[in-house]
Structure formats: C-alpha cells, structure tokens
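Asker: Before we start, here is the structure in question, set down as structure tokens.
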Amino acid sequence: MAESDGSNNENGNLDTVTQKLDRGVAAIKPQYLTTKEKFHVFIDADGKEVVDKQTCSELSGNDAENTVRAEDAAEPEAKRIKLDDGTGEGQDKPPTSAENKQEKKRARGQNKSRPHMKHSQFEENKLCPSVTQECASKCFFGDKCKFLHDVAKYVSEKPEDIRPNCYLYETFGKCIYGVTCRFAKSHLGDNFKNLINEELMKQWEGQVLVKNSLDKSLKEQLRKRKVVFEKTDKYLKLCNKSGDSLKIKSPVVKEDNAAQVVQKDSPVTTVGAVTDEDLVKLRPCEKKTIDFRNKLYLAPLTTCGNLPFRRLCKRFGADITCGEMAMCTNLLQGQPSEWALLKRHHSEDIFGVQLEGAFPDTMTKCAELLNRTIDVDFVDINVGCPIDLVYKKGGGCGLMNRTNKFEQIVKGMNSVLDVPLTVKIRTGVQEKINIAHKLIPNLRDWGVSLVTLHGRSREQRYTKLADWEYIAQCADIASPLPLFGNGDIISYEDANRALQTGVSGIMLARGALLKPWLFTEIKEQRHWDISSTERFDILKDFTNYGLEHWGSDCQGVEKTRRFMLEWLSFLCRYIPIGLLEHVPQKINERPPYYMGRDYMETLMASQNVTDWIKISEMLLGPVPPNFSFLPKHKANSYK
C-alpha cells in the first residue's frame with residue numbers, strides 16, 4: 001500500500017509539473033511542434049531540411065560559450081533551463097530566491113537608453129539639398145557648404161539600389177528625393193536628371209494627402225514665445241480670481257431684470273444680451289459631435305501607432321484612429337519631432353490626437369493651439385500612461401489621484417476646443433484598488449464626450465488579464481456617456497464578449513499589433529487563416545507607406561526599417577489559425593517553438609532580432625555596416 005501510495009504521489013507530482021509547464025503556453029497541433037534547436041537550425045538553413053546530426057550541431061552553434069542568441073541573452077538562466085527541457089537537471093545548485101528576483105527584474109519591462117542610429121550614420125557623404133532639389137540658384141553656403149555637390153561622385157559612392165522600381169515615382173509621377181532615392185534608377189535620365197510623369201502628376205494635383213504639418217512661421221513663433229493664448233488666459237484669470245475654479249457658478253438671475261444684471265467676476269462689460277467679445281464661446285450643442293457608438297477604435301500606440309501602420313489598420317476596417325501620445329510641453333516649444341506625431345492621412349476620416357500633461361495651463365494652451373492650427377475630430381487626454389517618467393511628474397495615471405488638477409485640465413481644454421474632448425483612463429493606480437468608477441460620473445459632469453477604460457491598473461501592467469467585469473460596472477455607471485473597453489481582444493469572439501458587457505465600443509491595442517486584420521475579422525465575424533504570403537504583402541504595403549511618409553532616401557529607408565522592426569517584435573507572437581488546436585489564440589499565451597506550413601511562416605514566428613532583420617532585408621535591402629537595433633519591449637512572457 002505504501003509503495004502504491006508513493007508511486008501515485010510521484011505520478012501526481014509529475015502531472016502537476018507538466019501542468020505548470022503547459023500553463024500560459026498556446027496549444028499547437030503536435031505535428032507542428034518542434035524544439036528550440038531544430039527551429040533555429042531550420043531558419044539558419046533557409047528552410048532546407050538538415051538531416052545530418054553533425055551538420056545540425058554545427059549550424060545550431062554548439063559552442064554556445066562564444067555565441068549566444070539575442071533572445072537567450074535576455075532570458076534568465078533559471079527560466080531558460082525550465083523552458084528548454086522542462087526540468088532542472090544540469091543545475092548544480094538551485095538559484096536562491098534573491099537570485100531569481102534579480103534575474104526576473106533584469107528580464108522584465110523595457111530596454112531603456114536604446115542606441116539609435118544618427119542621421120550622419122546613414123551615409124558618409126550626403127548630397128547638398130540644393131542639388132537634390134535641382135535649385136536654379138547656387139548653394140547659399142558656397143564653398144563653406146559641408147555637403148557634397150558632385151553628383152557623379154555621390155552616385156559612384158552610393159549603395160546599390162534596393163530594387164529597380166520606385167514606389168513614389170510609379171504612384172505620384174515624381175520622386176522628390178531624386179538622385180538620393182534608393183530606387184533612383186527607375187526615374188533618372190541623362191546627367192542624373194530626375195524624370196517626371198506629367199500625366200500621373202496631374203491626377204494628384206491639388207490633393208492634400210497628409211495634413212497637420214508644422215508651419216515654419218508657427219515653429220519660430222512658438223520657440224520665441226510669441227504665440228498669444230487669449231482663451232486660455234481668460235480661463236486662468238477666472239481660476240485665479242475665484243481662488244478655486246471648481247466652485248465657479250453663474251449667479252441665479254430673475255427673468256425680468258436679467259438684461260440689467262452683470263456678473264461681478266465677469267471680465268467683459270455687457271449691455272443686455274450683447275457683449276463686446278470678438279470670440280464667443282461655443283455652447284455644448286454648437287460643438288462638433290461624433291457618434292462614437294459601435295465603432296472599432298485603434299488605440300494611440302506609442303512608437304508602433306505611426307501613420308503608415310494606421311493606414312494599414314484603416315484599410316482593414318478601423319473606424320477611429322488616434323495619433324501617438326504627444327507631450328504638450330514639447331508641442332508648445334515647437335519641436336518638429338513631437339508635431340510629427342499629429343500628422344493625419346487623408347484616409348483617416350475620424351482622427352484624434354492624444355495629449356499628455358500634468359498642469360491646466362500647459363494643457364489648455366496646447367488645446368487652444370491645436371484647435372486653431374490643425375485638423376482633428378477630437379482631442380484625447382492620456383490618463384492611462386503608466387511609465388515612471390510621466391507618472392512621477394503628475395501626468396498619465398498620476399492625474400487619477402489629482403482630481404482637482406484633473407478637473408481644471410478637463411474644464412480648461414473643453415472651454416477652448418471646438419471638437420469633442422475624450423479621456424483614456426485605467427482601472428486605477430494600485431493593483432487591487434479600483435477608482436475609475438468614482439471618476440467617471442465626474443468626467444460626465446465636466447463635459448467629456450467619451451471615456452476609454454483599460455481594464456488594468458498602473459501597477460498591474462500585463463501580468464494579469466483585463467478586468468471586463470469591472471469595465472461592465474463602469475459602463476453602467478457612465479451611461480449615457482459612451483464608454484469604450486480596452487484589453488485582451490485578439491479575436492471576433494473576444495470582441496463579441498466585450499460588447500455584451502454594455503460598452504459603447506471597443507479599443508484594440510496589442511491585438512491590432514499582433515494581427516492588424518483583426519478589424520476585418522470582427523466586422524465579418526470570422527477567423528481569417530491568413531497565409532504567410534498575405535502577411536508578407538501586408539509588410540510590403542507598410543514598406544511602401546513608410547517610404548512615402550519618411551522618404552525613399554537612405555535616412556527614410558532606415559527609419560522605415562526601424563519602425564518595421566519595432567512592429568515585428570509584436571507580429572512574431574501571432575500563431576496562424578490552422579496551427580492551433582483550440583481557436584482562437586489567447587493574448588496571454590506565449591507561442592512554443594513550432595514549424596510553420598512554409599519557410600516564411602516559420603521565419604515570421606521567430607522571436608530573434610536577427611531574423612526580423614532578415615525579413616526587413618527582403619523589403620529594404622541589406623542593413624548598413626554599422627546598423628544596430630535593440631527592441632523597445634523585452635516581452636519576457638513570450639520568450
């Protein structure tokens with residue numbers, strides 16, 4: 001009996017271990033599963049079957065002491081052993097809890113202080129803009145110009161063209177990058193003259209494809225602080241006069257002498273119902289309104305939510321798009337890199353910008369500035385950003401604990417905007433203390449047009465699933481104010497369950513990064529078993545959109561490559577429908593090592609940076625000799 005009990009216990013323990021190992025791992029059909037070594041051998045051999053064990057060990061790099069793959073370097077030692085063979089064999093001494101904590105801390109979060117290539121690293125000799133733009137006049141700097149003026153010399157030293165056809169020339173009839181274009185042979189004539197297709201150019205004449213660019217004169221005014229903020233100044237004066245903007249109320253006046261009564265605090269002298277104000281504040285009913293209900297909202301994704309990616313999502317069925325988070329202080333300083341985040345493609349019919357800030361004066365000024373300088377349909381306040389840099393300054397999630405400042409920001413921005421004001425929040429700051437339900441009624445009273453709730457707290461991040469029960473509770477409290485839910489939606493079934501909670505719509509973030517065709521799946525109510533060829537075509541489209549947006553010269557090509565690599569760090573986590581044992585894929589389950597149905601599908605499943613670069617080289621040519629890339633997100637749970 002004792003022996004029997006012992007063996008049962010042993011079997012039970014083994015089952016428990018197996019269960020623990022399988023937890024959090026996606027279930028893939030057995031015929032596609034493989035080992036880590038075989039997976040990388042297959043990739044390194046360009047899809048050729050390697051039968052010889054000796055060759056296999058050579059290709060896999062048996063002397064791991066000298067060569068360590070990028071993904072292994074980021075993985076804690078204890079976890080690597082556990083994931084590779086599921087046992088702790090080979091460990092002379094089990095790691096202490098302190099060592100485990102240290103390893104986990106090192107592998108989580110983001111890669112901060114990442115190296116970025118400078119513009120000067122893209123090419124040694126840069127051609128002078130006066131030559132590139134074929135200016136009639138000579139270079140303004142003359143002999144002191146640091147750039148190259150000899151076109152023949154530039155062409156002889158320039159890297160080989162990536163491919164024979166230029167997307168910009170074939171689409172618009174002219175490539176503005178001329179001889180510097182990495183596809184220049186298709187539009188260069190005699191003496192390196194840039195060719196123009198007049199008929200094709202006429203088709204685009206008068207069309208504005210990208211809006212919201214920063215004007216040079218406005219940039220100078222912002223840098224010299226010459227921009228006047230009339231509406232903001234009036235709002236702030238009103239705040240200062242009352243001592244507390246939250247207690248400002250209009251006096252109750254009897255109808256018979258209403259025309260004769262003047263508010264004591266009013267800065268404007270009135271005569272009856274007429275004032276001498278040049279700009280009269282719009283009433284809520286006169287503001288532009290948007291019907292947000294039952295729409296698919298692409299989240300404002302930092303780094304990855306760029307204009308080319310939004311164009312792709314728009315094509316797949318996204319209804320609402322929003323620019324990446326922009327810092328209000330940087331916008332007020334006229335920083336071109338920050339203003340670039342506000343650009344809008346003409347295909348984005350419902351488009352907003354997201355602002356981050358911690359103080360009423362800067363946020364209200366920024367809202368007033370954008371209201372009169374750019375074309376947007378709504379402005380969103382980021383009250384969900386969890387990063388320390390923002391939180392410690394009182395912005396992002398920090399505003400959820402600073403309700404007085406939060407109210408002043410919302411009321412101030414609402415007073416200067418002609419478009420709806422929306423807010424994105426989290427469930428709370430601390431993991432088990434939800435406070436969103438307390439804020440939502442206030443947001444409704446302050447004049448917010450839409451609230452988007454991410455079903456996680458700041459401290460929780462992505463360690464647990466989004467709390468959709470709490471989102472449902474908040475949606476009920478918010479009514480009639482529209483509330484969108486956000487979190488863990490990666491299939492149309494997830495979307496249907498989310499909509500059953502009573503939310504007005506859903507926001508897609510990581511799900512859209514893993515599979516941008518998710519919008520199509522939701523609208524057509526189907527699982528799309530997309531092929532690797534179709535996925536590669538999506539990357540081709542992103543490449544073309546990137547070259548159009550960032551440029552087809554060396555700098556533009558490398559910018560496009562960089563953002564493609566950032567996106568590939570998410571795309572590689574997608575598991576094709578045909579390989580799954582249970583459809584759909586769960587967003588919190590990491591993919592095991594598997595062989596795809598063809599080489600490209602297998603290559604796209606690799607979480608090794610080297611393989612992402614290989615994909616980028618198929619579209620953008622070889623990387624420069626000094627190229628380096630470190631992914632922004634370590635994504636430890638998926639390695």
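Any Cβ shown, glycine's included, is placed from N, Cα and C.
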Asker: With Pro300, Leu301, Thr302, Lys424, His454, Asn486, Gly487, Asp488, Ala509, Arg510 listed by Swiss-Prot as FMN-binding, which of these, Gln335, Gln354, Gln555, Gln585, is given for the same site?
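Answerer: Candidate in the recorded FMN site: Gln354.
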Asker: Labelled zinc finger by Swiss-Prot, one stretch among 122-152, 370-400. Can you tell me which?
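Answerer: Feature zinc finger in Swiss-Prot: residues 122-152.
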Asker: Measuring Cα to Cα, how many Å separate Lys424 (FMN binding site) from Cys385 (active site, proton donor)?
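Answerer: Roughly 9 Å, rounded to the nearest whole number.
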Asker: Please give me the CB contact count at 10 A for Cys385 (active site, proton donor), counting all chains in the structure.
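Answerer: By my count, 20.
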Asker: Need the DSSP three-state call for Asp488 (FMN binding site) to compare against my parser.
Answerer: coil
Asker: Cα of Thr302 (FMN binding site) to Cα of Cys385 (active site, proton donor): how many Å, rounded?
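Answerer: Thr302 (FMN binding site) and Cys385 (active site, proton donor) have their Cα atoms 10 Å apart.
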Asker: Looking at the zinc finger (122-152) alone, can you tell me the average pLDDT?
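Answerer: 78, rounded to a whole number.
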Asker: Could you work out which of the binding-site residues (Lys424, Arg510) has its C-beta surrounded by the smallest number of other C-beta atoms within 10 A?
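Answerer: Each of the binding-site residues Lys424, Arg510 was scored by Cβ atoms within 10 Å; lowest is Arg510.
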